[in-house]
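Summarising the annotation, Swiss-Prot assigns anthranilate 1 binding site to 93, 124. The 5-phospho-alpha-D-ribose 1-diphosphate binding site annotation in Swiss-Prot covers 93, 96-97, 101, 103-106, 121-129, 133 and is backed by sequence analysis. Feature annotation from Swiss-Prot assigns Mg(2+) 1 binding site to 105, 239; the stated evidence is sequence analysis. Swiss-Prot lists 179 with the feature anthranilate 2 binding site, giving sequence analysis as the kind of evidence. Swiss-Prot lists 238, 239 with the feature Mg(2+) 2 binding site.
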């Protein structure tokens, strides 16, 4: 249970003192502390102490919600003209899982976009693998430097756009040095997927710890998203996996439902971890993405079909993940997913 001081003007020194005792901050207290971090008022030592204390205690739902609100407020908004009934999706992982899989969420984004769901793919360079979404997209020929208006137009005109995090979260610069020097997973790994600058209202989010599935699902309910699936794959993967059990927390209709999925449950073969490994370079990773989108059979394609099936469920295009896998397979076999990649590469 969150501990509330009754005032919203807590400073970061007071917040650190609270958190090291094991007490949770309220949403407003967290917002006040994060405002100091994101505005450059907190020192590197204070930032490091604060996020380490949160990590050791375990970030509470109200703390994450408060941090998300501040980070969203500081971000550069990508206005895709989202109406009240429109769906805008993001497929993203926290990173930090150390699994070194290929670029599953990036590849999945093209399949989902080709199925007719608008995708605002939020991403960065490598965190837990040799090659992050930005690295592989750059190797594929996607221009990472497009201005916000052009990115918004990309989503509107071709149904997919890439939101390069460093260009849209300028206030994060104040936390870069402490994060880099600490070298551990912190609340900032969690915040990235929750702070899509285009305001995506449906998400498939992979997390680096199973316990975070229900926590982030509760956060997404508090933030008012339409529907989101938060997933963790057995073997410590921040995505659904065909190498073991996938655990899902489904935030929908005001509640969180948790369940598990085996690859065989959705008509996919179980695979070895080695079969879904990532490339050693961005160029090698780009070849893997192209091969999957072109329909090359194997565990990598099955990984994408599984995650795309879940994403299509979240977006309301299908009633079950099984149906989503079938739809995703049809999209890939039609050539539409590979064509969608070509459209994004060519977009200016």
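Placed from the backbone N, Cα and C atoms, the Cβ positions cover glycine too.
Features as recorded by Swiss-Prot, highlighted on the structure.
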residue	record	contacts (Cβ under 8 Å, 6+ apart)
93	anthranilate 1 binding site	104, 105, 193, 205, 206, 207, 208, 238, 239
122	5-phospho-alpha-D-ribose 1-diphosphate binding site	90, 92, 163, 165, 192, 193, 195, 196, 197, 198, 200
124	anthranilate 1 binding site	95, 132, 133, 134, 164, 165, 166, 192
125	5-phospho-alpha-D-ribose 1-diphosphate binding site	132, 134, 135
179	anthranilate 2 binding site	51, 186, 188
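Under the three-state DSSP scheme, residue 124 (anthranilate 1 binding site) falls in the coil class. Annotation note: residue 238 (Mg(2+) 2 binding site) sits in a coil segment as assigned by DSSP. The 10 Å shell around the Cβ of residue 238 (Mg(2+) 2 binding site) contains 29 further Cβ atoms across the protein chains shown. DSSP assigns residue 101 (5-phospho-alpha-D-ribose 1-diphosphate binding site) to a strand segment in the three-state reduction. All protein chains shown were included, and the count of other CB atoms within 10 Å of the CB of residue 239 (Mg(2+) 1 binding site) stands at 27. The Cβ neighbour count for residue 101 (5-phospho-alpha-D-ribose 1-diphosphate binding site), using a 10 Å radius and every protein chain shown, is 23.
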